[in-house]
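> Grabbed the feature section from TrEMBL, which reads as follows:
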COMPBIAS  76-85  compositional bias 'Basic and acidic residues'
COMPBIAS  624-633  compositional bias 'Basic and acidic residues'
DOMAIN    203-245  domain 'B box-type'
DOMAIN    352-409  domain 'COS'
DOMAIN    411-522  domain 'Fibronectin type-III'
REGION    48-97  region 'Disordered'
REGION    620-641  region 'Disordered'
REGION    662-687  region 'Disordered'
Amino acid sequence: MKRGTNLMERELQCPVCKDIVKQPVVLPCLHSVCLLCASEVLVQSGYPQPELPPEPNSPASTPNTRSPRQARRPMPKADRIDRALRPGFGTYPGRRRKEGPTQLMLFPCVPCGRDVELGERGLVDCMRNLTLERIVERYRHTVSLGSVAVMCQFCKPPQALEATKGCADCRASFCNECFKLYHPWGTPRAQHEHVQPTLNFRPKVLTCPEHDQEKLQFYCKSCQRLLCSLCKLRRVHTGHKIVPVTQAYQALKDKITKELNYILSNQGTVLTQITQLENAITQTEVNSVGAREQLAQCVRELMALLSERQAMLAQGLESSRQKRSEALANQVAERRSLLEHAGLMAFTQELLKETDAACFVHAARQTHNRLAQSIESLQSFSLSADPSFRHFQLDVSRELKLLTDLNFIQAPLAPVIDTQRTLAYDQLFLCWRLPQESSPAWHFSVEYRRRGVVPGGGARGGIRGGLAGARWGWQRLEEVSGTSAVIDRLEMDSVYVLRVRGCNKAGFGEYSEEVYLHTPPAPVLNFYLDSRWGLHADRLVVSKEQRCARSVPGLSLLQAADRALTSCHLTADLLVGDVAVTQGRHYWACSVEPGSYLVKVGVGLESKLQEWFHLPQDMASPRYDPDSGHDSGAEDSSDSPPSFTFLTMGMGKIYLPPSANSHHGTANHRDGGITNGNGPSSPTGVTYPLPPRLGVCLDVEKGRVTFYDAHSLRPLWEGPVDCSAPVCPAFLNFVFIFHFYETLVFYCT
C-alpha cells in the first residue's frame, strides 16, 4: 500500500517544487504546475510579476479574512528553480526585456526539457486544472493528509473556532456563528452555495480566460482547445471541426475507459514485464560486477606485460652498461700505465739501462711495439664506449596514444550502402561498407521487406542461406560474413526496403539507411549473345561468356575506308539473343558504355532480322531511317506493327522518338517516367542522358515493348512491335568512317 501511495503521489507532484500541486494550471504542453511555482519561475526568467487570480473573495477585509494559503504556502526552493532554468532549457527573452512590442512568454517546462510558449498574456491564458485539484483533495482525505482541522477564517485569534461550513461563492470557511453573521437570512448571501470547509476553493466551472464569465461550451478538434461561444466565432477557427464540449467529454472519456480497461485486463502482462525488468536490473548489477572484474583483469595483464617488458629492457640495458664500463676501465688502466714511474714507463726506463747490445735488441722489440701503440692511441684518443646511452631511449608516443584511446569495445557504426553496386534484377544485389572510423564487424545482418505489406498479408519469398523471418515484416539473412548479399525468389514489380547492420563482441550496431529497390515488371529472360549471323568478327568481339561484346578496329575496316568512293561510310553489326519468345511478358537489362558512338537496343522478329541482315544493302538505304520511331524493315503499312523496334543511344545520350507511333497507356501511369507523354514533347523526339543500365520489357500478348531506366525502373519509352512470330532481343553496333581524298582521317566506334 505504501508503494502504491508513493506512486500516486508522484502523479500529483508539481515538477518545480516536487510537492503535491496546489492550484495547478495546465501549460500548453499539457503538464500541470502550481500557479505560484509557475509565477516564480517566470519572475526568475526575467518576466514581470504575473497578475495572479485573487485569492478567497472574503466578505471582510481584515488580515484574518485572507486565505491562509498565502502564508502557509512553501515557496519553491532556489536550487529547484535554478534546475528549471538551467542552460539546457534555452534562452529567455525576458532576461533582457526592452520597451517595445509585447514578446511571447517562454516557460521552461521540466518534464518536457524545453521552452513552452505561453503567449503574450502568459499565465492568464493557462486555465486551472480543477479535475486535478479534486483528485488531490480526495487523495488527501484518503491518506489522512487532510485530517488537520480547518479553522474559521473570520474568528479573531486566539479564540478561533474550527470551521464547520465553507462558502463556494465567498471562497472561505466559517464556523456556525460567523457563517450566520456573514450570510444573514433574507439577503442574497444567504443563497450562496454551502460546501465542506476547506483551504482550497476552486471556481464552480471553467470560464474563458479571454472572455470573462463565458463558459467553455465547445471544443475545437483542430486546435485541441476549449472554446466559449465568442471564441467559436473567431476567424481563426473558420473551417475547424468544433463540437460541443459534452460530445468531446464523452468521446475522450470512452477512449480513456477503453484504454484503462485494456491495461487492467492485461495486468498479468504488466506483472510479467515488471518481473523481466527486475530481473534485468539484477542481471545489470551482476554483469557490471563481471565487467568490472574483466576490466581489472585486463589492466593486470597489461601491467604484467609491461613489467615483463620492463625487466627484459632493463636487463639489456644493464648488460650494455657492464660492457661499456669494462671497456672504459681497461682504457683507464692503459692510460695509467703511461704515467711516469708507473707500469710501462718504469719498465722502459729500466730497459734503457741495459748495456749489452744483443740482449737489449732481443728484449726491446716488444717494448717498442707497445710504446708505438701507446703513442698512436695518445694522438688519436677516443672513448672505447659511448657513455650517453642515446640508443636506449623508448619512443612510447604510439603506445601512449593507444592507451589514451583505450576504451570498451564499440558496436559497429551504421554501414553505408553502395548505391552504385546495389541493384535489383532477378535477384537483389546489396553491397555496403563500414565507415572508416567504425569498429570492425564480425558479421552482418541483412533485413528486407516488401514495401506496403501489412501484418498478416505476408511477404512471400525467401533469401539464400538460413532465412529466419515471419510471413510479414522484416525478413533476415543472419551472419553474412562479407560486405555483400544476394536475395532471390522475389515478387515481380514490387518495391523492397533493405537495411543492414554489423555485429561484433559489443553486439549489434545501428542500422544503415534504408534503400528501396524496384524489382522488374516481368520475369527476367536469361539469354546469351548469338554471333552466328549478322556479325563481323574483325569489328565486334564477343566475350567467352557470351554476355558482353566490344567493338575493335581492324584491317578490314581500314581497307573498306580506302575502297570507299563516298566521303561517309556507315556499317553495322547485329547481335541477337539465343532465345526467342512467343508468349508471356519478359524483361532483361543491358549496359552501354557512354563512349559508344552509335548503338541500338531493342527487339525484333527473328526471321525478319535474319532476312534483313543477310541481304546486301547500304546502311544509308531508305529502308533505314534513323529518325523514325522504330527501325523497321516492314513499314509498308502504317497500321501494321513494325517487325523490330529499337532505341538509339550513343556518346552518353539516349534518343527517345516522338510519341506519334507509340502508346503511353502503360508508361504514363508511373510517376517520374520521362516518356514523351510525361516529359517534353517534340515532333522530332528528345534526348536524355544515357542511364547506367537500360531495361527492356516485352509483352508478347499486347505486342508492346517498354524501355526503362533499369536502376530506378522509370519508364523511358513504349512502342509497338510485331509478335506474330518468335521475337528475340537484338543489339546493333554502328561504325562510322569519315573518308576525305582517299585518306582515312579517323573512325569512331
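A Cβ is built for glycine as well, from the same backbone N, Cα and C atoms used for every other residue.
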> Average the per-residue pLDDT over the domain 'Fibronectin type-III' (411-522) and send me the rounded value.
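Result for the domain 'Fibronectin type-III' (411-522): average pLDDT 82.
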> Could you give me three numbers for the domain 'COS' (352-409), the DSSP helix, strand and coil residue counts?
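DSSP composition of the domain 'COS' (352-409): 34 helix, 0 strand, 24 coil.
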> Going by DSSP assignments with H, G and I as helix and E and B as strand, what are the residue counts for the domain 'B box-type' (203-245)?
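Split by secondary structure, the domain 'B box-type' (203-245) comes out as 7 helix, 14 strand, 22 coil.
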